[in-house]
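Per Swiss-Prot, these features apply:
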- 124: active site (ACT_SITE)
- 73, 74, 75, 109, 110: substrate binding site (BINDING)
């Protein structure tokens, strides 16, 4: 297998100018484990810092838009849509980030960046109630960040 970002001259951004614009979609998911009491506070809108889910959605969308600034060899991509959604478990929130574009390269890095930043934002918003008496986070954990779907298709 040949690496596309590295050659004998060093690191490079892959040339995609010759590629055809195609519909691209990627969906990434990840979870944050939280204390059940914290989940309850989020659902009831009682986190002192503010609306946890709205903050996570905004942060995730912004992160998707800035992926090319964060990951050095990613192309700036003209996005057509981003959705950040949440599913609750007893002791976790699962975040899903769906990214869409019509472009020459895929959007999976954007979806992974969006879900990661949304999860980090949730952590930031709830850290006051997640800390133990020593200021540590024995229960809080971000896990299972992954791409669950990637689509590339021609559209007429």
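Cβ coordinates come from backbone N, Cα and C, glycine included.
Swiss-Prot feature annotations superimposed on the structure.
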residue : record                 : CB count, 10 Å
73      : substrate binding site : 13
74      : substrate binding site : 17
75      : substrate binding site : 17
109     : substrate binding site : 22
110     : substrate binding site : 27
124     : active site            : 14
Cβ-based neighbourhood (8 Å from the centroid) of the substrate site, residues 73, 74, 75, 109, 110 excluded: 67, 68, 71, 77, 105
Distance [Cα-Cα, Å, rounded] between the residue listed as 'active site' and residue 75 (substrate binding site): 28
Farthest-apart CA atoms of 73, 74, 75, 109, 110, residues recorded for substrate, distance in Å: 12
